[in-house]
Amino acid sequence: MNGRNRLYLYHQQNKLLGAAFLGIGLWAWAEKGVLSNMASITDLGGFDPVWLFIVVGGVMFILGFAGCIGALRENTLLLKFFSVFLGLIFFLELTAGILAFVFKDWIKDQLNFFINNNVKAYRDDIDLQNLIDFTQEYWSCCGAHGPNDWNLNIYFNCTEFNPSRERCGVPFSCCVKDPAEDVLNTQCGYDVRLQGELDQQKYIHTKGCVGQFERWLQDNLIIVAGIFVGIALLQIFGICLAQNLVSDVKAVKANW
């Protein structure tokens, strides 16, 4: 298989994967009515996970499309666009990794701010709600630093004027799972923060998600590093294929 065919297959896979991500994002937006009311994009109080699918899918599709057309038509301009853009992404990833290591405390503060900001918007968007629930269940945590962070949410805060039934509670994803329960009890966090901290530990996770995430990162550092190295190698491989094809095209044109 020559370099052009290898590069074409490489970009075809990226294009299809990008189209899938983009399609999932647009479908999720359509289900939430965003596409019929574009103003609702700015109404979201917290991070919308659908943005991640749309941005990643859009970038992958554009790069894959440019690479496919460039490989099929032997268009050096499109191939150079792909190489430069992918190189820029690689450089930004490398820079982000270095900055994350140097400014660990700042990253921790930003993560804390991010989680608390989305705790406020927990009921505003179903995708955001599912993301927070998944995070708290996966890392066995509750809030950014602890259950009391849920005072930031209008439904869960403990103010005496809060009419919500969820007052002084936490979402079900904070609860310690009972192996004997076959059916999920979505009301397990009701009124739990009215109890003392020791009593709370019997029913909910009291550790914050920021600390649990740091602990998980330390325990899985080799796996996480391996994933990033694998992604970097794929990007370098794509750049090398594109540059080799550009060189071949220039060599053929030079002999004309």
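Cβ atoms here come from the backbone N, Cα and C positions, even for glycine.
In TrEMBL, annotation is done automatically, which means it is predicted and not curated.
Annotation source TrEMBL lists disulfide bond at CYS142-CYS158.
Annotation source TrEMBL lists transmembrane segment at 12-30 (among others).
Annotation comment: TrEMBL describes 50-72 (among others) as transmembrane segment.
The transmembrane segment annotation in TrEMBL covers 84-103 (among others).
The transmembrane segment annotation in TrEMBL covers 221-246 (among others).
A C-beta separation below 8 Å, combined with a sequence spacing of at least six in one chain, links CYS158 (disulfide bond) to ASN151, ARG167, CYS168, ARG193, LEU194. Sequence-distant contacts of CYS142 (disulfide bond), defined by Cβ-Cβ distance under 8 angstroms and a gap of at least six in the same chain, are GLN136, ASP149, TRP150, VAL170, CYS174, ILE204, HIS205, THR206, LYS207, GLY208, CYS209.
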